[in-house]
């Protein structure tokens, strides 16, 4: 019997593949407005500081393909086909939807490689995909909206923190900062759950790791006139040091799932500059990347959505 094909649409932010692509990438982020030469060179300088280019593109592809393999192993009566759709670089989200249509995919599941729901992130990604799929007559996309409290995601970070604490002598003088990408403050007034979800993630991980000294912070805010959510992790580090005299700072950028510019530069460079100034120790646990434990986490999340499709098919077949 021929296996039914299911599209697995994996969406992420995207990153330039080379320094030559940085300007086009930055221009796309700015909705078609080219950045100033000063802003462009600043961004290029950041990429150079982490080795020339971000590893994100390679990691994202690996995550998507390993997740697809895992789904095919779990649901042997179906054939999952992987489609990668990116927000700011090719292949764009629309490219992936059009490819699914050409391949004859009738049903698809979408997952964004970001755990916390926001109108700026997960909602925007899924709306782009579903809008085009409806315009071109398919496929039907079943979106996954959030997974910030997925037990396997919580366990991953709890284990990483426990491992990090084995390297710290005075654990009472250590603090964990859970962070995510800052967004414009106006989302809070609009009722966006983004901030609450980060706090919930932090609370769950802290409980699982049995830590008391922790807080949430925000990083990588955009350079726009609008105020962005704070406190920024660098300012927060200084404030925590002044108030509690912590000697070790553990940065857990749980809003991200891979090593990329925001982690390798904003955390590993900028935050470390601050801890060095304070004569404090800097720690940043391993990111999930394409580790098997994280792929298993993603597969569990997608499986839940897949079971909805399977159950619906069973109901239809029995009627």
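Just so you know, glycine gets a Cβ as well, placed from its N, Cα and C.
Here Swiss-Prot flags 13, 30, 46, 47, 54, 125 as Fe-coproporphyrin III binding site, drawing on sequence analysis. Residues annotated as Fe(2+) binding site in Swiss-Prot: 181, 262.
All protein chains included, residue 181 (Fe(2+) binding site) registers 24 other Cβ atoms within 10 Å of its own Cβ. Classification of residue 181 (Fe(2+) binding site) by DSSP places it within a strand.
The most densely surrounded of the binding-site residues 13, 47, 125, judged by C-beta neighbours within 10 angstroms, is 125. Fewest other C-beta atoms within 10 angstroms, among the binding-site residues 30, 46, are seen around 30. In this view, residue 262 (Fe(2+) binding site) is surrounded by 22 other Cβ atoms within 10 Å of its Cβ, with every protein chain counted. All chains included, 22 other C-beta atoms sit within 10 angstroms of the C-beta of residue 54 (Fe-coproporphyrin III binding site). DSSP assigns residue 125 (Fe-coproporphyrin III binding site) to a helical segment in the three-state reduction. In this structure the C-alpha atoms belonging to residue 46 (Fe-coproporphyrin III binding site) and residue 262 (Fe(2+) binding site) are separated by 10 Å.
A separation of roughly 12 Å, to the nearest angstrom, links the Cα atoms of residue 13 (Fe-coproporphyrin III binding site) and residue 181 (Fe(2+) binding site). Here residue 181 (Fe(2+) binding site) is positioned 16 angstrom away from residue 125 (Fe-coproporphyrin III binding site), judged by their C-alpha atoms.
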